[in-house]
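K.L.:
Let me give you the structure first, and then I'll get to my questions.
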């Protein structure tokens, strides 16, 4: 019997590149999604920083009244923002080469589109990269599923909402005060506080914070003692150790007696699934709510829904909220609303004093 040994030919440059891209031995995993993620996020970050510092005022409402958003034009960290592209641009794709000059591109808010489009592509690829690394390591894919919640929220406010409203000028400004302005105007125009999907999102975020604090404090309070009183309890854990670092039975017994037995998980896996799923599902619903309100399927309207025997309105908190909404609405984009028909909040003029008789 003869055995022939043949030396394997050296890998091509492309094969070496592919091996490096998909290698899990790199300090930071790149992956094929990373090939697109890295340049897009770098572009979005670079443009955002430059625009936040030095961009000239933007004609956001399309009425030749520019709004300054950068630091060099008088803003601070809190009031500054990358101002959304002009209402005169609407939903048109507005890259630099579509403008007659760089000055025109800046005046019409071109940097906003550049930032959000590259940012969205980047976070989509980041989510895909999470799946890709999980796949390479033989892990389950739930990390990218959890990250899909903030991705959905960002997509809703930066892409879906402007599409529904017909202009990228309605997108969320890229700044602290701009975010608050977006929230207030959103409430005025869509009554988001009265939308059940927003309520589910609030329950998801606040509930997730509560459950996280409860879980962390329970675990910290039931650690297995491995150190003396003079040492930090953190030294009692060695990375990769096989034994449990806390007593789940003690934690279960404590919480079961504090509330009631079945309020406490006795399965660590189902507990951590719950901790992950609760806020994710809540944020999914909020993103879905914003996406439906983008097309003006708004929150509940209970205005003037309670009348006395004489037909007079008995105000509820819904009516108080409506008055706040009207105040928000009348104060935003003041010069763009020449005929604010949506603020016709005066006394109603009766068009028929009594219903006509129908003989049938």
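Backbone N, Cα and C atoms are what each Cβ position is placed from, and that goes for glycine too.
So Swiss-Prot lists the following for this protein:
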BINDING   118  chlorophyll a ChlzD1 binding site
BINDING   126  pheophytin a binding site
BINDING   198  chlorophyll a PD1 binding site
BINDING   215, 264, 265  quinone binding site
SITE      161  site 'Tyrosine radical intermediate'
SITE      190  site 'Stabilizes free radical intermediate'
K.L.:
Nearest to residue 161 (site 'Tyrosine radical intermediate') by Cα, among 126, 198, 215, 264, 265 (binding-site residues)?
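P.N.:
The smallest Cα gap between residue 161 (site 'Tyrosine radical intermediate') and any of the binding-site residues is with 198.
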K.L.:
To the nearest whole angstrom, what is the C-alpha distance linking residue 126 (pheophytin a binding site) and the residue listed as 'chlorophyll a PD1 binding site'?
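P.N.:
Their Cα atoms are separated by 26 Å.
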K.L.:
According to DSSP, collapsed to three classes, what secondary structure does residue 264 (quinone binding site) have?
P.N.:
coil
K.L.:
Excluding 215, 264, 265, please set out which residues of the same chain place their CB within 8 Å of the center of the CB atoms of the quinone site, keeping sequence order.
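P.N.:
Sorted by sequence, the hits are 214, 218, 251, 252, 255, 271.
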K.L.:
Counting only residues 6+ apart in the same chain, whose Cβ is under 8 Å from the Cβ of residue 215 (quinone binding site)?
P.N.:
271, 275
K.L.:
In whole Å, note down how far the CA of residue 198 (chlorophyll a PD1 binding site) lies from the CA of residue 190 (site 'Stabilizes free radical intermediate').
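P.N.:
On Cα coordinates alone, these residues lie 11 Å apart.
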K.L.:
Between residue 264 (quinone binding site) and residue 198 (chlorophyll a PD1 binding site), what is the CA-CA distance rounded to a whole number of Å?
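P.N.:
Roughly 27 Å, rounded to the nearest whole number.
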K.L.:
Distance between residue 265 (quinone binding site) and residue 198 (chlorophyll a PD1 binding site) at the Cα atoms, whole Å?
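P.N.:
Cα-Cα distance, residue 265 (quinone binding site) to residue 198 (chlorophyll a PD1 binding site): 28 Å.
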K.L.:
Can you check which residues sit near residue 118 (chlorophyll a ChlzD1 binding site), meaning Cβ under 8 Å from its Cβ, same chain, 6 or more apart in sequence, and list them in order?
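P.N.:
Residue 118 (chlorophyll a ChlzD1 binding site) has long-range Cβ partners 40, 41, 43, 44, 47.
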K.L.:
Take the Cβ of residue 161 (site 'Tyrosine radical intermediate') and count every other Cβ within 10 Å, whichever protein chain it belongs to.
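P.N.:
For residue 161 (site 'Tyrosine radical intermediate'), the count of other Cβ atoms within 10 Å is 22.
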K.L.:
Reduced to three states, what secondary structure does DSSP give the residue listed as 'chlorophyll a ChlzD1 binding site'?
P.N.:
helix
K.L.:
Taking the Cβ of residue 264 (quinone binding site) as centre, how many other Cβ atoms lie within 10 Å?
P.N.:
18
K.L.:
With Cβ-Cβ distance below 8 Å and at least 6 positions apart along the chain, what are the contacts of residue 198 (chlorophyll a PD1 binding site)? List them in sequence order.
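P.N.:
Residue 198 (chlorophyll a PD1 binding site) has long-range Cβ partners 192, 286, 289, 299.
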